[in-house]
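I have placed the structure first, in the form of structure tokens, so that the comments after it can refer back to it.
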Ligand SMILES: *Cc1c(COP(=O)(O)O)cnc(C)c1O
């Protein structure tokens, strides 16, 4: 039971709005996979998946235990494990998860395990590297891969996919178009030689926005669901899903020459008021927000961090804000506020969100 007063609210109707926003950008026949890796981008994978399960075709997570967690919470839709590890393949089968097989080592291990367990036609997905150079078979692997597939009855080649390296960056349009073309030719070679008819998918959030012509049979929606599109214009059309809130624990009156916080990093030059808030770097409020870099909002007024960010708390300057102990504060309640915070510490919305620690209470608002 999490009784923390620092709360991440998840707005279910905004989530559903964003899902339908992306659906409307696609052909009605295009399937939707929702990526809920990293605890649903730092929110709550089970709450997210549960809220939209009926509206989507597939879920994906990065690692096997994330898929197990969804299954144990009652999610029954197919779950693609993007980066399964060989030692977890037995669990993958036990929980009817669908692995991405991305090189011969994991392919062979999975086929061997299927044989040992007497499993046939087990749904798997093949990932190809078309330029990200992260994980995936190379196009030159196709002949050997095809011969291995023909030799086994263990697998059902359910889909073929790849991942774009710079879908949000229109300066890399030429590179991306090459990735799309390479993927097409890889898929063609495979489909011509397979008895299964695998479906194809390539696009993430920014891919859906910038390259809808490459939607193939399914898309993989991640950050967009939470209202972030890596593009100001589209982000504005999405609804904010996540709100991080807390309350003021204590207010202090600080005299000139007194210091605030660890290492006496802040020394007051004039009389001031500070508010102590129960969120710190252990909660995912980065220490780099200290000393005025980051801040929070009280009644829509901005209060910058005073001194260093502690593990469990921050002190903020409220000299100019009328407020009391127990009042609500907001860390972010819009995409703009989160993007601004991310920029201040040289990162992206993805990292700030996924760093929100499990200590913060998650609340689904219907
Ligand atoms: C994380 C991930 C996605 C989702 O990306 P977004 O930019 O969040 O939409 C899609 N596909 C793969 C392979 C991923 O790893």
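Heads up, the Cβ atoms here are built off N, Cα and C, so glycines get one too.
As given in TrEMBL:
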ACT_SITE  37  active site, proton acceptor
ACT_SITE  262  active site, proton acceptor
BINDING   134, 311  substrate binding site
DOMAIN    241-365  domain 'Alanine racemase C-terminal'
MOD_RES   37  N6-(pyridoxal phosphate)lysine
Handout entry: Listed in sequence order, residues with CB under 8 A of residue 37 (active site, proton acceptor) and six or more positions away
Key = 45, 60, 61, 62, 63, 66, 82, 222
Fill in the blank from the handout: Cβ density check for residue 134 (substrate binding site), other Cβ within 10 Å (all protein chains) comes to 11
Handout entry: CB contacts for residue 311 (substrate binding site) [other CB atoms within 10 A, all chains]
Key = 10
Fill in the blank from the handout: Of 134, 262, 311, the recorded positions with C-beta less than 6 Å from an atom of ligand 1, in sequence order, are none
Problem - Neighbourhood of residue 262 (active site, proton acceptor), C-beta criterion under 8 angstroms, separation at least six - result: 307, 308, 310
Practice task
Give the helix, strand or coil assignment DSSP yields for residue 134 (substrate binding site).
Solution key: coil
Exercise for the section: Restricting to the domain 'Alanine racemase C-terminal' (241-365), report the mean pLDDT as a whole number. Expected result: 98
Handout entry: Helix, strand or coil at residue 37 (active site, proton acceptor) [DSSP, three-state]
Key = helix
